[in-house]
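Below is one structure, written out as C-alpha coordinates, with a few remarks after it.
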(Lines of atoms letter the chains of each structure in order from A and count residues from 1; the text may use other names and numbers.)
(Lines give C-alpha, C1' and ligand atoms only; values in the text may rest on other atoms or scores of the structure.)
Protein backbone atom coordinates (compact mmCIF):
# COMPACT_ATOMS: atom_id res chain seq x y z
CA UNK A 1 0.00 0.00 0.00
CA UNK A 2 1.50 3.38 -0.98
CA UNK A 3 1.97 5.94 1.74
CA UNK A 4 4.33 7.17 4.41
CA UNK A 5 7.69 5.42 4.16
CA UNK A 6 11.38 5.76 5.03
CA UNK A 7 12.67 9.27 4.36
CA UNK A 8 9.23 10.91 4.43
CA UNK A 9 8.35 13.64 6.91
CA UNK A 10 5.73 12.37 9.34
CA UNK A 11 2.47 14.36 9.06
CA UNK A 12 2.10 17.02 11.74
CA UNK A 13 -1.25 15.73 12.96
CA UNK A 14 -3.01 16.85 16.14
CA UNK A 15 -5.05 14.24 17.99
CA UNK A 16 -6.61 13.63 21.37
CA UNK A 17 -4.70 11.21 23.56
CA UNK A 18 -4.56 9.78 27.05
CA UNK A 19 -2.27 12.75 27.84
CA UNK A 20 -4.46 15.41 26.22
CA UNK A 21 -4.05 17.00 22.79
CA UNK A 22 -0.84 16.01 21.00
CA UNK A 23 0.66 17.58 17.89
CA UNK A 24 3.12 15.05 16.51
CA UNK A 25 5.94 17.43 15.52
CA UNK A 26 5.81 19.15 18.91
CA UNK A 27 5.91 15.77 20.61
CA UNK A 28 8.95 14.69 18.59
CA UNK A 29 10.83 17.93 19.33
CA UNK A 30 14.53 17.17 18.97
CA UNK A 31 14.33 13.49 19.96
CA UNK A 32 13.65 10.11 18.41
CA UNK A 33 10.09 8.83 18.72
CA UNK A 34 8.64 5.35 18.28
CA UNK A 35 5.20 5.94 16.76
CA UNK A 36 3.25 2.69 16.79
CA UNK A 37 -0.29 1.54 16.08
CA UNK A 38 -2.28 -1.40 17.41
CA UNK A 39 -5.43 -2.99 15.92
CA UNK A 40 -7.67 -2.54 18.94
CA UNK A 41 -8.07 -2.04 22.68
CA UNK A 42 -9.08 -5.01 24.83
CA UNK A 43 -7.53 -7.53 22.43
CA UNK A 44 -5.02 -10.22 23.42
CA UNK A 45 -1.91 -9.60 21.31
CA UNK A 46 -2.19 -5.83 21.69
CA UNK A 47 -2.37 -6.18 25.47
CA UNK A 48 0.88 -8.16 25.54
CA UNK A 49 2.55 -5.66 23.19
CA UNK A 50 1.64 -2.50 25.06
CA UNK A 51 2.58 -4.11 28.36
CA UNK A 52 5.97 -4.94 26.84
CA UNK A 53 6.33 -1.37 25.55
CA UNK A 54 5.76 -0.18 29.11
CA UNK A 55 8.33 -2.66 30.38
CA UNK A 56 10.93 -1.43 27.89
CA UNK A 57 10.22 2.27 28.53
CA UNK A 58 13.37 2.70 30.63
CA UNK A 59 15.51 1.21 27.85
CA UNK A 60 14.05 3.65 25.34
CA UNK A 61 14.38 6.54 27.79
CA UNK A 62 18.10 5.79 28.22
CA UNK A 63 18.44 6.24 24.47
CA UNK A 64 16.48 9.49 24.43
CA UNK A 65 13.53 7.85 22.67
CA UNK A 66 9.87 8.62 23.40
CA UNK A 67 6.89 6.32 22.80
CA UNK A 68 3.63 7.35 21.14
CA UNK A 69 0.77 4.92 20.47
CA UNK A 70 -2.32 5.24 18.29
CA UNK A 71 -5.44 3.24 17.42
CA UNK A 72 -9.00 3.90 16.29
CA UNK A 73 -10.45 3.49 19.79
CA UNK A 74 -11.46 6.59 21.76
CA UNK A 75 -9.52 8.07 24.66
CA UNK A 76 -11.80 6.68 27.36
CA UNK A 77 -11.41 3.19 25.91
CA UNK A 78 -7.63 3.61 26.02
CA UNK A 79 -7.75 4.72 29.65
CA UNK A 80 -9.98 1.83 30.68
CA UNK A 81 -7.82 -0.66 28.79
CA UNK A 82 -4.62 0.62 30.41
CA UNK A 83 -5.94 -0.76 33.71
CA UNK A 84 -6.02 -4.24 32.16
CA UNK A 85 -2.55 -3.82 30.66
CA UNK A 86 -1.04 -2.83 33.99
CA UNK A 87 -2.88 -5.65 35.79
CA UNK A 88 -1.57 -8.16 33.25
CA UNK A 89 2.04 -7.07 33.90
CA UNK A 90 2.20 -5.56 37.40
CA UNK A 91 4.99 -3.00 37.59
CA UNK A 92 4.81 -2.12 33.89
CA UNK A 93 3.11 1.27 34.08
CA UNK A 94 1.84 2.73 30.82
CA UNK A 95 3.31 6.22 31.08
CA UNK A 96 3.41 6.93 27.34
CA UNK A 97 0.46 8.57 25.54
CA UNK A 98 -1.92 6.68 23.26
CA UNK A 99 -3.68 8.78 20.62
CA UNK A 100 -7.27 8.26 19.49
CA UNK A 101 -8.22 8.21 15.80
CA UNK A 102 -11.90 7.16 15.56
CA UNK A 103 -12.20 8.71 12.10
CA UNK A 104 -9.26 6.62 10.81
CA UNK A 105 -7.93 9.65 8.94
CA UNK A 106 -4.67 9.71 10.89
CA UNK A 107 -3.84 6.03 10.40
CA UNK A 108 -4.39 6.50 6.66
CA UNK A 109 -1.93 9.39 6.55
CA UNK A 110 0.53 7.45 8.70
CA UNK A 111 0.27 4.37 6.45
CA UNK A 112 -0.95 2.19 9.30
CA UNK A 113 -4.11 0.67 7.80
CA UNK A 114 -4.47 -3.12 7.70
CA UNK A 115 -6.36 -3.95 4.46
CA UNK A 116 -7.37 -7.38 5.78
CA UNK A 117 -8.62 -6.56 9.28
CA UNK A 118 -11.99 -4.87 9.84
CA UNK A 119 -14.19 -4.08 12.81
CA UNK A 120 -17.83 -5.17 13.20
CA UNK A 121 -18.95 -2.16 11.15
CA UNK A 122 -16.64 -2.98 8.26
CA UNK A 123 -14.14 -0.23 9.03
CA UNK A 124 -10.46 -1.00 8.46
CA UNK A 125 -8.39 -1.49 11.60
CA UNK A 126 -4.81 -0.33 12.12
CA UNK A 127 -2.02 -2.78 11.39
CA UNK A 128 0.79 -3.43 13.85
CA UNK A 129 2.85 -0.64 12.30
CA UNK A 130 5.81 1.05 13.94
CA UNK A 131 7.73 4.07 12.64
CA UNK A 132 10.96 5.24 14.23
CA UNK A 133 10.91 9.01 13.68
CA UNK A 134 14.10 11.06 13.93
CA UNK A 135 14.65 14.55 15.36
CA UNK A 136 14.27 15.89 11.80
CA UNK A 137 10.67 14.55 11.84
CA UNK A 138 11.50 12.02 9.11
CA UNK A 139 10.75 8.29 9.21
CA UNK A 140 14.04 6.45 9.73
CA UNK A 141 12.74 2.88 9.90
CA UNK A 142 9.38 1.11 9.69
CA UNK A 143 8.09 -2.26 10.82
CA UNK A 144 4.77 -3.63 9.56
CA UNK A 145 3.21 -6.73 11.14
CA UNK A 146 -0.15 -8.43 10.55
CA UNK A 147 -2.67 -8.67 13.37
CA UNK A 148 -1.70 -12.28 14.15
CA UNK A 149 2.00 -11.55 14.86
CA UNK A 150 3.20 -9.62 17.90
CA UNK A 151 6.24 -7.40 17.65
CA UNK A 152 9.69 -8.16 19.08
CA UNK A 153 10.76 -5.42 21.49
CA UNK A 154 14.38 -6.58 21.54
CA UNK A 155 14.54 -6.01 17.79
CA UNK A 156 13.00 -2.55 18.16
CA UNK A 157 15.69 -1.63 20.71
CA UNK A 158 18.40 -3.07 18.45
CA UNK A 159 17.07 -1.07 15.51
CA UNK A 160 17.16 2.13 17.57
CA UNK A 161 20.75 1.40 18.60
CA UNK A 162 21.72 0.74 14.98
CA UNK A 163 20.06 3.92 13.70
CA UNK A 164 21.65 6.09 16.37
CA UNK A 165 25.08 4.51 15.85
CA UNK A 166 24.85 4.99 12.09
CA UNK A 167 23.79 8.62 12.50
CA UNK A 168 26.49 9.44 15.05
CA UNK A 169 29.44 7.80 13.29
CA UNK A 170 28.34 7.81 9.61
CA UNK A 171 28.65 4.02 9.39
CA UNK A 172 26.34 1.11 8.64
CA UNK A 173 25.55 -1.93 10.77
CA UNK A 174 25.83 -5.49 9.41
CA UNK A 175 23.45 -8.39 9.84
CA UNK A 176 22.46 -9.22 13.43
CA UNK A 177 24.61 -6.34 14.72
CA UNK A 178 24.51 -5.48 18.40
CA UNK A 179 26.12 -2.58 20.29
CA UNK A 180 29.84 -3.12 20.81
CA UNK A 181 30.25 -5.22 17.68
CA UNK A 182 32.04 -4.12 14.52
CA UNK A 183 30.32 -1.83 12.07
CA UNK A 184 30.90 -1.47 8.34
CA UNK A 185 32.24 1.51 6.43
CA UNK A 186 29.88 2.72 3.67
CA UNK A 187 31.07 2.10 0.08
CA UNK A 188 31.02 5.83 -0.69
CA UNK A 189 33.96 6.38 1.69
CA UNK A 190 37.36 5.84 0.03
CA UNK A 191 40.16 4.00 1.83
CA UNK A 192 42.06 7.28 2.26
CA UNK A 193 38.98 8.93 3.74
CA UNK A 194 38.42 5.89 5.96
CA UNK A 195 41.98 6.10 7.32
CA UNK A 196 41.37 9.71 8.30
CA UNK A 197 37.88 9.18 9.63
CA UNK A 198 38.62 5.96 11.51
CA UNK A 199 42.13 6.36 13.00
CA UNK A 200 41.49 3.22 15.04
CA UNK A 201 41.90 1.35 11.76
CA UNK A 202 39.73 -1.00 9.76
CA UNK A 203 39.86 -4.51 8.31
CA UNK A 204 39.00 -5.28 4.70
CA UNK A 205 37.52 -8.70 3.94
CA UNK A 206 39.55 -10.77 1.46
CA UNK A 207 36.97 -11.68 -1.19
CA UNK A 208 37.28 -13.65 -4.48
CA UNK A 209 36.24 -10.57 -6.46
CA UNK A 210 39.24 -8.68 -5.16
CA UNK A 211 36.95 -5.75 -4.42
CA UNK A 212 37.56 -4.03 -1.10
CA UNK A 213 34.00 -3.01 -0.36
CA UNK A 214 33.51 -4.97 2.87
CA UNK A 215 35.38 -3.02 5.54
CA UNK A 216 34.89 -3.41 9.27
CA UNK A 217 35.82 -1.05 12.08
CA UNK A 218 34.96 -0.38 15.72
CA UNK A 219 33.35 2.79 17.02
CA UNK A 220 32.79 3.99 20.56
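Cβ from N, Cα, C; glycine included.
Pulled from Swiss-Prot:
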DOMAIN    4-165  domain 'Thioredoxin'
ACT_SITE  46  active site, cysteine sulfenic acid (-SOH) intermediate
MOTIF     195-218  motif 'Bipartite nuclear localization signal'
Mean of pLDDT values spanning the motif 'Bipartite nuclear localization signal' (195-218): 98
Long-range neighbours of the motif 'Bipartite nuclear localization signal' (195-218), counting only residues six or more past its ends (CB under 8 A): 170-171, 174, 182-185, 187, 189
Secondary structure content of the motif 'Bipartite nuclear localization signal' (195-218), with strand meaning DSSP E or B: 3 helix, 5 strand, 16 coil
